[in-house]
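Student: Below you'll find the structure I mean.
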Amino acid sequence: MASSRKITLRSSDGESFEVEEAVAVESQTIKHMIEDDCADNAIPLPNVTSKILAKVIEYCKKHVDASKAEDRVNDEDLKAWDAAFIKVDQVDQATLFDLILAANYLNIKSLLDLTCQTVADMIKGNLFPVRNEWLNFTFSIANRELVLVCLTEWVAHRRLFCS
Amino acid sequence: MLICFLVTSSLSFLLLLLKSRPLKILSSRRTCFRVSLVLDRHRSPVPVRPLRLSVKEKMSPASGADNAEESKGGVSPLLDLPELALECILEKLPPDGLLSMSGVCTALRDRCRSDYFWDKHMKQKWDRVVGPSASKVWQLGLASRRDNGDSNQGKQKGLLRLFSLVWPCSWAGERINIGQDRTCSLPHDSSVMSWYIALETGRFWFPAQVYNRENGHAGFMLSCYDAELSYDFQTDTFRARYPPHGRRAMALETGVTWERLRSPPVDTSPHDLHLSDCLKDLCPGDHVEIQWRRNKEFPYGWWYGVVGHLESCDRNENYCRCLSSDAVVLEFNQYSAGSRWSRTTIDRRNHREEGNEVDGFYGGIRKLRTDDEISAWKRIWPTGLLE
């Protein structure tokens, strides 16, 4: 039985957030702190700004609520919600990376998976702004074998001492 | 300038070696957050210095400092991430994404080449058809290429030789002919990535077995023959090379689909007799595979059959004594009842190889124990009976 105890989290810029314990323990880091009794007062999170912490709390709240509901339909709804949640941040890459750092620090596996998958999708879709002429060249080649061979040569740095 | 380059690149290589890939999950140790904060700072990945040094290395075809600066800017947010997060991102990339990222800079290259990622891709795509025998062939090939590679390295000039020692230059000394003969350009290093690429590009011909060879040739229906396979990524099918069949030359078949392949279930060469270990247990209803060849010059193929009842048995479950008799009846129900191929009998106690020049030779027998194996045969059952 989850207690309805409230936990206070304080962001790096001094803002306090009060959340239910069930939501707070989505983060393994916070969970361990609570178990170790480090959490009598507010838990300071100097690595996380208020903007990011607000988003993280929003994510955790949604997932805790979803796990309480009985019917399975919520799985697809949850996925759709996740997609909408993260889509906003595809535009703002800095926030996306801050979310990754926060998810890593707070040890929230599902959020880390979600954010990393988003970055991976961006790389796959060539949306990631990696300006490397070699990459641009290879993405434009239609012949996949040629790509594989060329990339392997590049990886072995043959180009370096062949020029 | 080259010397400077050498020094800086060796430095970066050494630095990367020192901070070699730590695959630890973010600590869930019960330390107070302040300590874990400190740990985090020290755990921040990728020393920045190699990244700056590696800017010089990124000599793209059009070269120029501006280009290198731009790429560094694009990628540094990734490299500033904690190791776990970066790993999390890389493991969600498909193989060509991984390969592309490995071409961006040294730091990413070393991560992307890691066996940890490529093991997963190998397992996902190739596990079913590439087995221990293929792995053995690969390792042997590596060893021999390494030995031959030394002679190639001698031809390289002094500084180039030094480079290839500093970096794990896996394809050093080999010219790669794109689109030409693919047999001569395989790497020396034993990374899973090289193996994956060799398989994917079709450069590596691996041993496996093909069901219903030669496009469903009636003479080979419900059989499985050893062959060497090479993948054609454009059509997602394979080319199969069958060993010579007596006087018949090596046969080549193209367009072999994934369902028609399997990795050899036993470690017996197609020219050797398989030692049957299941003879004692064979009872009516068991699914088996038996080696068969036309004559002693030909390689064996594996043929599917079912253990049947003796003629004397009335097929009553309670009174069937077939298990205790010395003779085992094998039925090949893909043939019509009158056909000479539809039945054969083997001696439970002494079976090795039996037969004659007319009916061929029946060799070792294997009992099929898993549903997967049985359904693989059932899937390729011919539509009509054979003669």
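The backbone N, Cα and C atoms fix where each Cβ goes, glycine too.
A quick note: this is a predicted structure, and the numbers were derived from the prediction, not measured.
Annotated domain 'SKP1 component POZ' per TrEMBL: A:6-64, in sequence order. The annotation domain 'SKP1 component dimerisation' is assigned in TrEMBL to A:109-125.
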Student: For the domain 'SKP1 component dimerisation' (A:109-125), give me same-chain residues lying six or more residues beyond its boundaries with a C-beta closer than 8 angstroms to one of its C-beta atoms, as numbers and ranges.
Tutor: 28, 56, 59-60, 63, 82, 85-86, 89-90, 96, 99-100, 102-103
Student: Just to confirm my parser: what is the rounded mean pLDDT across the domain 'SKP1 component POZ' (A:6-64)?
Tutor: 89
Student: Per DSSP, what is the residue count of the domain 'SKP1 component POZ' (A:6-64) in each of helix, strand and coil?
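Tutor: For the domain 'SKP1 component POZ' (A:6-64), the helix, strand and coil counts are 27 helix, 12 strand, 20 coil.
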